[in-house]
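The structure is given below, and queries will be raised subsequently.
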Amino acid sequence: MESVEKKDSLTAPSEFATTASTDAANAPTTFPVEAPPLEEEEVIIEQDPGFVSEDDEDRSVPTEDKKQDQDNAEANEEQVGRGDERHGDYLDVGDDVLLKHLQRQCAIICDALQERSDVPLAIADVSLAYERHLFSPRVPPKRQENGTCEPNPRLNFYPVFAVPEVLATYHIFFQNCKIPLSCRANRSRADKQLALRQGAVIPDIASLNEVPKIFEGLGRDEKRAANALQQENSENESHSGVLVELEGDNARLAVLKRSIEVTHFAYPALNLPPKVMSTVMSELIVRRAQPLERDANLQEQTEEGLPAVGDEQLARWLQTREPADLEERRKLMMAAVLVTVELECMQRFFADPEMQRKLEETLHYTFRQGYVRQACKISNVELCNLVSYLGILHENRLGQNVLHSTLKGEARRDYVRDCVYLFLCYTWQTAMGVWQQCLEECNLKELQKLLKQNLKDLWTAFNERSVAAHLADIIFPERLLKTLQQGLPDFTSQSMLQNFRNFILERSGILPATCCALPSDFVPIKYRECPPPLWGHCYLLQLANYLAYHSDIMEDVSGDGLLECHCRCNLCTPHRSLVCNSQLLNESQIIGTFELQGPSPDEKSAAPGLKLTPGLWTSAYLRKFVPEDYHAHEIRFYEDQSRPPNAELTACVITQGHILGQLQAINKARQEFLLRKGRGVYLDPQSGEELNPIPPPPQPYQQQPRALASQDGTQKEAAAAAATHGRGGILGQSGRGGFGRGGGGHDGRLGEPRRGSFRGRRGVRRNTVTLGRIPLAGAPEIGNRFQHGYNLRSSGAAGTARSPTQP
């Protein structure tokens, strides 16, 4: 038993256990044997008789019975073999392959439980250890040559459409609030108010001093729909939900408001890390109360629950003892800590020009827009399949990035705006999660020291914005800001954003399958119509609208030809646009057409050469960025400007124009040579047209003999007359129906030859056959695939035949 216990493991059943169970099931007869009594200390684990080891079998069964059992087993195997021949199962070859799945899963669970000293008994503990082992391993996954992580087969055993709790360290938190009546869904003109034109600037944040009054009503401009549904059991005819049917609602909102009745919504949490906010509140506003211990003295005086700054100290700092002034300063400080500092940190994180460029580049991948679409087309590699999380790159071919192109007008703008809004929420939550996880107790103590040193400056600042700016300098230092900006944002797909959207709606009690709600529908579009706890969402919605217009993904401006991947944003036009940058267009046309080889340093080794491959060009094309013509904080499209670009338009790899021109001339000359001297038909790779069509064969010069020329007029008259009698009516036709077998000349006179005059002159006969040849309908003009020039379709009188060569 001891040897068996050491040999077995938790990963899979042993080999002899599997075969023993199979043999026991297939054995036709069994013989009772009296096994010797086992000692008590040896009987530790009650074991299934189907999994008895071979050593125990040898010790317990006598030798004579053992031989008989062996003979029976051999006979049984022969019988089973004959049965398998009749009823074969390809899964029984060798070991049972159906056990491999169980073995692999046991191995994964065993590896996940190695870090624990005891085996967990609760399902929640096993799931937590399993998720940590899969999604938060101590050893990061290996990086492949293409930059992505190696495939992880352990993920095959995790539920496909389940959201792992280990990953959702910050994304699972929500802010459950009452939906304001002034939300975007109750503003029928919201799409027009959010429309941005040339010259629009990036949105700014606000403070409670700047917005003293907040209106959360429906407004005078909005009118209820005449056919709005009314509740039957309501005396005042009021709608129980927040969403109101309006006259100007689009089709999506009209259906939404009749489908659901909601009053509250789970907004994604945008708060600063709880560790930071708890420290700030305790040092600036009110002392945090600690939980009471059993041996604590209740009579002992503590500062828990008291203001961080007393009235006496605040009066000395402000040099006034007016209670109204002191109360106003406390309100200002509370607003700055709870609302404005969060907006200040958001603006510093998102409004940075470098960060905005990275955001818009990620959106180009998410929506397969502009230069990313052009790179995918030339490289023949779907770059939009790349997604990342916390700097780890993955390739996911199941995500979609083009479904927004099926929408038009306001429906497309609402969807794109909501996707960008969710993308910003997702990015900010990821940053806050990293910030929260990195903080240790020593960092929080150092933060307390900094807050105490700047306590007077914070309380005596000029206004709310200055307090928030000073506080942001302390809690959100430049080093932390740059570190988060370098690692974010992550590459996302529209499928990931759709899963995030469904996750939010489900937490809000809205079933996504029965309605067409968007999380941005429940966010107000203006600060003066939004409660202060939701100002962070209002800012992200305005910023999402600006980024969507600045990235030119609101409308589809692409076309045919060179305009297939056209985008007006500053990332694409003019430097990455094949329409505006002629040097870039010329370089893209010579990809894979040349190879430059320099002199070799020695005779044995070959010299390094330059070959413009699609991969090399795409890498340089994706890296190409000109900051001089990128206007981050203003919508300034190149097409709407009369001035030339600030930087010179150049190619990606070959930046010298004369070299590029020489390579293009060489390539053009080679193509022309192939068109002239090459064999076969060359087709244009874009349009499919023939580049070297074979010209039609020249018509031979028709020189009639004098004898025939003199008879030309008589021939035409005779042809018309002969046609009515069933005889041939033009050159080359037999004169059937003439006078005797020898008749049937051109004019029907006796004694003339049947096929033209002068029987011995072959040239005239050849000219007669060649006259009026046209190619077959639908056949190429090559070879001798011609027919005689007779129009067989009825035109005019029936039974007449006219040559196309005749007028």
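The backbone N, Cα and C atoms fix where each Cβ goes, glycine too.
Sharing the record's features from Swiss-Prot:
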type     : residues : note
COMPBIAS : 756-765  : compositional bias 'Basic residues'
DOMAIN   : 348-466  : domain 'RRM'
MOD_RES  : Tyr365   : phosphotyrosine
MOD_RES  : Tyr682   : phosphotyrosine
REGION   : 280-345  : region 'Binding to host EIF4G'
Which of Tyr365, Tyr682 (the modified residues) has the most other Cβ atoms within 10 Å?
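Buried the deepest by this measure is Tyr365.
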Across the whole of the region 'Binding to host EIF4G' (280-345), what does the mean pLDDT come to? Round it, please.
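A mean pLDDT of 85 is what the predicted model shows over the region 'Binding to host EIF4G' (280-345).
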For Tyr365 (phosphotyrosine) and Tyr682 (phosphotyrosine), what Cα-Cα distance in Å is obtained after rounding to a whole number?
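Answer for this pair: 36 Å between alpha carbons.
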Going by DSSP, is Tyr365 (phosphotyrosine) sitting in a helix, a strand, or coil?
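Its secondary structure by DSSP: helix.
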Under DSSP, is Tyr682 (phosphotyrosine) part of a helix or a strand, or is it coil?
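Going by the DSSP assignment, Tyr682 (phosphotyrosine) belongs to neither helix nor strand, so it counts as coil.
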